[in-house]
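Only one structure is covered here, and it is reproduced in the block below.
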Amino acid sequence: MKYSLPTTATAPFCPSAVSHSVAVPADASPLRKLALFVGPGLLVSVGYMDPGNWATAIEAGSRFGYALLFVVVLASFSGMLLQSLCSRLGIATGRDLAQLSRERYRPGVARGQWLLAELSIVATDLAEVLGAALAFHLLLGVSITTGVVLTAFDTLIVLALQGANFRRLEAIVLGLIATIGACFFVELVLIGPYWPDVAAGLRPSWDTLSSQEPLYLAIGILGATVMPHNLYLHSSVVQTRVSGDDAASKRSAIRFSRLDTIGSLSLALLVNAAILILAAAAFHGSGHTEVVEIQDAYHLLDPLVGGALASFLFGFALLAAGQSSTFTGTIAGQVVMEGFLRAKIPCWQRRLITRGLALVPALIGVLWLGEAAVGKLLVLSQVVLSLQLPFALWPLIRFSSDRGLMGEFVNPRWVSALAWSLFGLISAANLTLLYFWFG
């Protein structure tokens, strides 16, 4: 049979192709409804445990032990709040954040938001490229440069899934998350951290953030956890569920979507905390406080833990994390293009464009700075994401707090106050970092 590349946008990666594609029967039991609503949160959670998170958490754990563990927890709770606003916005209005921004802002402002959203997607994909390339390097022995080139072939995965239903995509993502989680569970069992010290790291210590280096890492953790493109992504994919347009159905959908978000991001929190705990217990505790590269962590795990299993699981989990953007990056790219520009292109082309734009800085960085600088490039990509975050947060909080737009589903005042406080905190941290850099 002759095969030809698709010339139109195709499911399951394009929002217009999968909107209202998962039916939720009104007479279904609460557990059945919850099971049907689980999925969008999983797609979002993948971005919360990507290689960028690994780089920041490994450096934070090796340099400062468990001291920045509370930042991981606070960043994850912040993500739960913001992603819940996204699902509320999408369900209440029937439109995603990109569509609403196009409708409610002047064309020049909306176009600027689109460019920033695209930049955040490329920055995210840069982290995935570097992470997957590192995994190929560690597991197969190829050079990191060769690994970067190999990541270009993930477009074939998008082609293989063309026409698949959305639940199949969510099942694949769940498999990736389960793989990552299982690997780190075994890692922690092998290492055996001292849990009272871990618990002490959960207590906020603002003095820790008073100097530039821990603040830089804290902002990197925040940028690696709460990603701008996830805000656009979540407000769109939550609309794949069909539960009715009446107020009662929307209220139920918001409640179940909130549970999906909290549950999925709790899994991501456990993975991110496990990475930092792993680095703190294995490296900081043994005096290796300068482990800032993922490949260094991989090679050190073997002699420190006393077996090849720990390092193999580490590399395998990294590969699973690196491949995750094949799905979420493609969907997010289509969301912002359809929402801001009303443009549709074949999903394999969208994937090729995003990956191509990420490959260029990845190759330049590796060839110019050397393969040993991959970890620094990963952390930098996460800081860039944090600097862009306020530009996506502003419209999200503003729209979800607008009673004229949201009706009875408008944010409670305390939620809006908390969200705006978070916006101010992130902006202040970013400005402080810029002052350290250029002041």
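Our numbering is plain: 1 for the first residue shown, then up by one each step along the chain.
Yeah, the Cβs are placed from backbone N, Cα and C, and that goes for glycine too.
Annotated features in Swiss-Prot:
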{"type": "TRANSMEM", "residues": "64-84", "note": "transmembrane segment"}
{"type": "TRANSMEM", "residues": "139-161", "note": "transmembrane segment"}
{"type": "TRANSMEM", "residues": "171-191", "note": "transmembrane segment"}
{"type": "TRANSMEM", "residues": "214-234", "note": "transmembrane segment"}
{"type": "TRANSMEM", "residues": "262-282", "note": "transmembrane segment"}
{"type": "TRANSMEM", "residues": "300-320", "note": "transmembrane segment"}
{"type": "TRANSMEM", "residues": "359-379", "note": "transmembrane segment"}
{"type": "TRANSMEM", "residues": "380-400", "note": "transmembrane segment"}
{"type": "TRANSMEM", "residues": "418-438", "note": "transmembrane segment"}
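Pairs of Cβ atoms less than 8 Å apart link the transmembrane segment (418-438) most often to 64-84, out of 64-84, 139-161, 171-191, 262-282, 359-379.
Sequence-distant contacts of the transmembrane segment (64-84) (same chain, at least 6 residues past either end, Cβ-Cβ under 8 Å): 41, 44, 48, 57, 197-198, 200-205, 208-209, 214, 217-218, 221-222, 225-226, 230-231, 234, 257-258, 261-262, 265-266, 268-269, 272-273, 276-277, 280, 284-285, 393, 396, 415, 418-419, 422. Away from its own ends, the transmembrane segment (171-191) comes close to residues 42-43, 45-46, 49, 161, 267-268, 270-271, 274-275, 277-278, 281-282, 301, 305, 307, 309-310, 313-314, 316-317, 320-321, 323-324, 327-328 of its chain (Cβ-Cβ under 8 Å, at least six residues beyond either end).
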